[in-house]
């Protein structure tokens, strides 16, 4: 039987020599060759006619892309140009419909990029500098070793924080994918890491924006004079102060009774508090308005949400340095406890602080970096972020220590003056002897004069005095600060009430907090929206609807935390739960790049993209240092959490004071169940790959090659010479 040969075979044979010349001299075409694998033979059977026609069409499409790549490459040889032109015209005539399909695919793959790199850096800074973590850093500085703690923080930042930040920025920029589907491309068995990161980001977003509702509530009362947390409110139809406020301070009363309307225990129920539900809705509306128009609007908004808080911070820093008692607070910048260097608990706290301060593991860094050009030097971006982080921490620490010094001094002065009045009354009543008479004039330095007098008394009389009045000690007052976010509200609200023009400074302070929280939430929202749009491409056409839907969903979930016991649930999640999945996620990310894909291959791919060699120290840190550091910190944190009792600071409405309570047993169960739920995708995907025979890592000759069509976000048409690169994974299975 005579074999019929397809007519296109002669055409393919005529052009094969030309294609060989092009491929040999152009690496970009070699990439295309991997993307469009084609094989053909000199003869075929009649039964394979349709197959051969399909393969021929693929071969012709491949040739068109190959010649386009050659045109974008360096100057071609003169003897090839006529063949390229003639063949190109012929292919376009035969494959008109195929070209139309290709153009549709190009449009579909288009990924918007940041209009300016500065917008990208601002968004990363806005996301990473969370007010709660800034406050927590100062607390750790004061109570966990001072300069010694800072040295530990810097060491962990250099050997773990910066390499991991570079890793997240690199994988996002290289693969142009959100955090959900990205990790399965790098390491098949790590496919569940992205889903775990997405769930942690979503759950954290549910309660993080509640901080903004607190700030908006305080901000709405900052226009009053005097501000309501400066004095106790009067009873209705009476001239007496509220007795609940009289038993505590005005700032604490306003925080628990009027802002939170807090319950006495976490077990207590109640509907959402109206004066927090409305501000929460407003904050979600603001966030939705900021991000609806995509990267263009986000970049512009970040000028206000990031740069303006720095201006306010400088104003506060200059003002605080001029306050009485600021020097006492700044002295703690030079305090150092050598014993902290040998305390593994301090190291674990510093490690947790580094991860949360940089925002690692949640997913927004990967998602934000995925909209940068693949040729962007992300190594420089990493060091910029690290420097900004350290400088900001030092500025905020100096500011807060100055404020706390002034606050402790003012409280001590008031305490001394109040004690003098009380002692004079007790002497008149005969409860104290005349020898206990305090000094009459305390105008110059009340605390110093009073304490000098008290220490000069005979021991028996001093004991009698202290049995009636508290001891006014500035050191004890200064060290009363704790890591809870509510203390920042209470202490700084009280601090601003001591200043002239208290309403103005209160307004500035809460604007600073509001801008910082909104900047953080913009980052979290990008960590949710971008992965969803990358996973479900149809959502890209409905960005506004998706943004509104997610904002309303998170608002409804956030209402749970505006209930009277809501703040106790927020502390349960932020202090006892979040740290565990974040350590788990970051460890998995590190192992995926360093061992599943191999650090050397990863850095080689990055060097090709950036056009510069990447220091080999990065690979060594990923392979040998960061995993060990993270594993030790994770185990230490897990042991610390399991050994200490789970407690929270609650409001006691009977005594009008703060009391330390223990979480019920179901609180621990809730933390464990939630942790297991969010990490469940990782072992599930692992088992799936194991049962399906998917290898742990790709073969050594497989690499992440790049060829994408991601034009910059601009209204101008993008010429073909500026077509970007899209990352694809080459595997032997495509052959």
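Every residue gets a Cβ built from N, Cα and C, even glycine.
Note on the transmembrane segment (120-142): residues 114, 149-150, 153, 211, 298-299, 302-303, 305-307, 332, 349-350, 353, 356-359, 364-365, 368-369, 371-372, 381, 384-385, 388-389, 392-393, 396-397, 400-401, 479, 481-483, 485, 487-488, 513, 516-517, 519-520, 522-524, 526, 574 of its chain, located 6 or more positions outside it, place their CB under 8 angstroms from a CB of the stretch. The transmembrane segment annotation in TrEMBL covers 120-142 (among others).
For 126, 389, the entry in TrEMBL reads Na(+) binding site. Around residue 389 (Na(+) binding site), the C-beta neighbours below 8 angstroms that are at least 6 residues distant in the chain are 128, 129, 157, 357, 358.
For the transmembrane segment (148-171), same-chain residues at least 6 beyond its ends with a Cβ under 8 Å from one of its own Cβ atoms are 137, 140-141, 182-183, 186, 336-341, 346-347, 350-351, 353-355, 357-358, 360, 365-366, 369, 378-379, 381-383, 385-386, 389-390, 586, 589-590, 593, 602, 606, 618, 621-622, 625-626, 629-630, 633. Positions annotated as transmembrane segment by TrEMBL: 148-171 (among others).
The annotation transmembrane segment is assigned in TrEMBL to 192-219 (among others). Sequence-distant contacts of the transmembrane segment (192-219), counting only residues of its own chain at least 6 positions beyond either end whose CB sits under 8 Å from a CB of the stretch, comprise 131-132, 178-184, 259-260, 275-277, 279-280, 282-284, 287, 361-364, 366, 485, 489, 493, 506-507, 510-511, 513-514, 517-518, 520-521, 524-525, 527-528, 531, 554, 557-558, 560-562, 566, 569-570, 573-574, 578, 581-582, 584-585, 588-589, 592, 674, 677-686.
The list of residues near the transmembrane segment (273-291) in space but at least 6 beyond its ends in sequence, with Cβ under 8 angstroms from a Cβ of it, reads 209-210, 212-217, 220, 258-261, 297-298, 301, 305, 517-518, 521-522, 525-526, 529, 547-548, 551-552, 554-555, 558-559, 562-564, 566. The feature transmembrane segment is assigned by TrEMBL to 273-291 (among others).
The feature transmembrane segment is assigned by TrEMBL to 303-322 (among others).
Taken from TrEMBL, the feature transmembrane segment applies to 342-362 (among others).
Residues or ranges marked as transmembrane segment by TrEMBL: 383-408 (among others).
Here TrEMBL flags 504-532 (among others) as transmembrane segment. Only residues 6 or more beyond the boundaries of the transmembrane segment (504-532), in the same chain, are considered here, and those with a CB under 8 A from a CB of the stretch are 123-131, 178-181, 194, 198, 201-202, 204-205, 208-209, 211-212, 215-216, 218-219, 222-223, 227, 283, 286-287, 290-291, 298, 301-302, 304-306, 308-309, 312-313, 315-316, 319, 359, 362-364, 366-368, 370-371, 492-493, 496-497, 539, 543, 546-547, 550-551.
Annotated transmembrane segment per TrEMBL: 544-562 (among others), in sequence order.
Per TrEMBL, transmembrane segment is recorded for 582-600 (among others). Through the fold, the transmembrane segment (582-600) approaches residues 164, 167-168, 171, 183, 186-190, 193, 196-197, 200, 352, 355-356, 360-362, 618-620, 622-623, 626-627, 630-631, 633-634, 637, 679, 682, 696-698, 700, 704 of its own chain, all at least 6 residues removed from its boundaries and within a Cβ separation under 8 Å.
Look at TrEMBL and you will find 621-643 (among others) tagged as transmembrane segment.
Proximity of distant same-chain residues to the transmembrane segment (663-691), defined by a Cβ-Cβ separation under 8 Å and at least 6 residues beyond the stretch ends, is recorded for 184, 188-193, 195-196, 199-200, 203, 266-267, 568, 572-573, 576-577, 580-581, 584, 588, 646-648. Among the features that TrEMBL reports, transmembrane segment is placed at 663-691 (among others).
Residues or ranges marked as region 'Disordered' by TrEMBL: 709-735.
What TrEMBL records for 718-735 is compositional bias 'Basic and acidic residues'.
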Next on the checklist: Using Cβ atoms and a strict cutoff of less than 8 Å, what residues sit near the transmembrane segment (383-408) while being 6 or more residues removed from its termini?
Outcome noted: 121, 124-125, 128-129, 134-135, 137-138, 141-142, 154, 157, 161-162, 165, 313-314, 316-317, 320-321, 323-333, 357-358, 474, 477-478, 481, 491-492, 494-495, 498
Checklist entry - Cβ pairs under 8 Å with the transmembrane segment (621-643): which stretch of 303-322, 342-362, 544-562 has the most? => result 342-362
Next on the checklist: Do any residues, 6 or more residues outside the transmembrane segment (303-322), come within under 8 Å Cβ-to-Cβ of it, and if so which ones?
Outcome noted: 122, 125-126, 290, 330, 395-396, 398-399, 402-403, 406, 499, 505, 508-509, 511-512, 515-516, 518-519, 522
Checklist entry - Taking the Cβ of residue 126 (Na(+) binding site) as the centre, how many other Cβ atoms fall within a 10 Å radius? => result 26
